[in-house]
Amino acid sequence: MTSVVKRIATGSSVLAVLPANEDPVEFPGDYFLQNPGKIRVCINRKLDVATLRQYVYEGLKNGDVHVCHINSYLYQVLKDTRDEAQSDWISFGVSLAVKGGIVSVFDTLMIEDYRGEAPDGRKCDGRTIDDDKWLPMLILGLYRVSRATQEDYKKSLLQKLYAQCKLRSPQAEELVEDAAEFYEVWSNDSNFLKLVAAIDMFFHKFKNHADAGLRWGTIVSRFKDCAALATLSHVQKVTGLSIKEVFTWVLNKSVEDELCRMMKERQEVDKADSYMPYLIDFGISTKSPYSSVKNPCFHFWGQLTALLVHSHRAKNARVPEDIPYNELTTAAWLFAYAMGRSSGLEQRFTTDDSYYQEDEDINKGLGVKAPTTRDVQMWLAWWSDIGKVPTQDMETFARREVLGLTEIRSKTIGEYAKKTFSV
């Protein structure tokens, strides 16, 4: 939309524009309109699993395994993993299974031959089929470890990964050192990411499968770069409101715009067995419309609201840059205060036909007294009556909520709230 202003001195029109410095978001539905069918992945299928097992083992041990061998090994070892579909499985018009049919772990993919050069690996003696019980867990678990950003947490994850491997086979070995980083480059390989996503998508669908424990490593692929969606779900849970009621508490245009974009129809956001949660690793989208980066105002508003209604995890959410902090803070503050001053308590059962019903007029004509319901209209009327300036009780409420915050990280919602409300 173009914006035109008038220059007072001359009466001439001036076009007001900003530089287009951001790439547009890419929705999963648009991808499948342009690329109908299953996700394509390229795998080198020339080597047998016995040779690949040796290459992968020695490569992990020495820190020089080639991702092409990793992909081929995962494919060869897991391709026969199957389960029975309890219903038709369709996503974005792609038929993945029919009710009663047998579906395999990579049936979400269209497997094509890898045409690039595959270097030789290093062979070794003593590798057996028993290694196939734990090596895939180690490989997939390293993907999860590579996503960690804090060193202590990374080391902790690696130890937990080894425990998972030993559960699958007592012969599992700790091949990778704490300081190793060679496996982090696997995330640059689109074929590896697609295999990870396909594995997680399958075991999310078939949660009771004997090998569903492999999700320990792949689970971070699901809803990657969808932090804003997670924020929406979190706000709904911690406030106790329905999703519709949460929407009514959106008071800022910037939040409104971002939320409406996220709610674009026919994207299968609410379909659990869809391709959608894996839009990044499947290569469906390079700019997620559900990330905190693309929805900074909504993410900030939601996380600050959650923090002020006792959410411990919200304190570590990152504070976005270059957003209207003041108006977003006020909106989140009022929302949280309303939740803290009211409740959804009602009599839910009765022994006969009689039960307590609140007088509908109880909150009318309150003047400057805060409402006791969660009705946004009553709260906005009250907010207008008090001059749209936070009351002393609101300040006390916010100060009390941030008083006990400890172990606060830099540039987080916790730090922002502490500085804003503790004065």
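All positions are counted from 1 along the displayed chain.
Here the Cβ of each residue, glycine as well, is placed from N, Cα and C on the backbone.
These numbers come from a predicted model, not from an experiment.
Swiss-Prot names R144, Y153, K207, R215, K287, R318 as RNA ligands; from the candidate set R53, R399, R400, R409, the record adds R409 to that same site. Residue density at K287 (RNA binding site): 16 other Cβ atoms are found within 10 A of its Cβ, drawing on all protein chains shown. The average pLDDT for the region 'Interaction with the phosphoprotein' (351-391) in the predicted structure is 79. Note on the binding-site residues R144, K207, R215, R409: the fewest other CB atoms within 10 A surround the CB of K207. Around the Cβ of Y153 (RNA binding site), a 10 Å sphere holds 11 further Cβ atoms from the protein chains shown. Sequence-distant neighbours of R318 (RNA binding site) (same chain, 6+ apart, CB under 8 A from its CB) are S292, K411, T412, I413.
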